[in-house]
Amino acid sequence: MPAASLTSVRSFVAAPVPTRPAISVEGRRAFAFKGVEKRFGDKIVLDGIDLDVPAGQFVAVIGKSGCGKSTLLRLLAGLDRPTSGSLTLGAEEEGHSRTRFMFQEPRLLPWASVVKNVEIGLTGIAAGQDARQRALDILGEVGLADRADEWPSVLSGGQKQRVALARALVGHPQILALDEPLGALDALTRIEMQQLLERIWLAQKFTAVLVTHDVAEAVTLADRVVVISAGRIALDLEVPVARPRRRGSAELARLEGTILDRLFG
């Protein structure tokens, strides 16, 4: 990565995080699950999920492998349908995409430039001739404006995930669904991406739903942590810690302990 680009990214993520109350959301609803069940054949993956999320909230969903976390996210993103129960979404806002999904793998098109990959996120939105400029603007927000016309193959893993994040955000989604998007990154890159994600969330005020196995990541980023066990919500915990948050603080460690006790107790 060129030195200038690396410097710009690091200066961006290192800037102070804006102060925000621990829980600060608008009165609008982002979505609500009511009695949602999802079966695959005879297997019950989600069993009576009730979850009401206000617009603008950052929710982390955590649990052991196979507990139903990713299935919940797929239902929210419209990639699957519940077997029973209801999922209600808030009113769609003009000029905003409804929900965008970010996966653990960047899933970039190797034959398209970085900026063209980002423009794909405008599919279904009337961007017209502004598409390239909108893509360039969001690439600037993730620190990759100078890589816009390069091929994905020359980017590092962390840079590819920044492109994937830009693609998800270019349409100004109301809800961003994140399925362990940082799981494959090294520790330092992961922290930088966490800071970047938090900064953009604070600026754009979308609703974020992050599926993760990392309890520390959950309490660092989220307003609220939902623990799923055997397809049911075992814990729904607010994170009453004002931002900016100090990693490793006693407050966050205590919350981590509560979550781990529920996961393994």
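A Cβ is built for glycine as well, from the same backbone N, Cα and C atoms used for every other residue.
If you draw a 10 Å sphere around the CB of Gly68 (ATP binding site), it holds 23 other CB atoms from the protein chains shown. Swiss-Prot lists Gly63, Lys64, Ser65, Gly66, Cys67, Gly68, Lys69, Ser70 with the feature ATP binding site.
Under the heading domain 'ABC transporter', Swiss-Prot lists 31-255.
Sitting within 8 Å of the Cβ centre of Gly63, Lys64, Ser65, Gly66, Cys67, Gly68, Lys69, Ser70, and not among those site residues for ATP, are the Cβ atoms of Ile228. Reduced to three states, the DSSP call for Ser65 (ATP binding site) is coil. Counting other C-beta atoms within 10 Å of each candidate's C-beta, the binding-site residues Gly63, Gly66 are led by Gly63. The DSSP secondary structure for Ser70 (ATP binding site) is helix.
Regional average pLDDT for the domain 'ABC transporter' (31-255) in the model is 92. Here the binding-site residues are Ser65, Ser70, and the one whose Cβ sees the fewest other Cβ atoms within 10 Å is Ser65.
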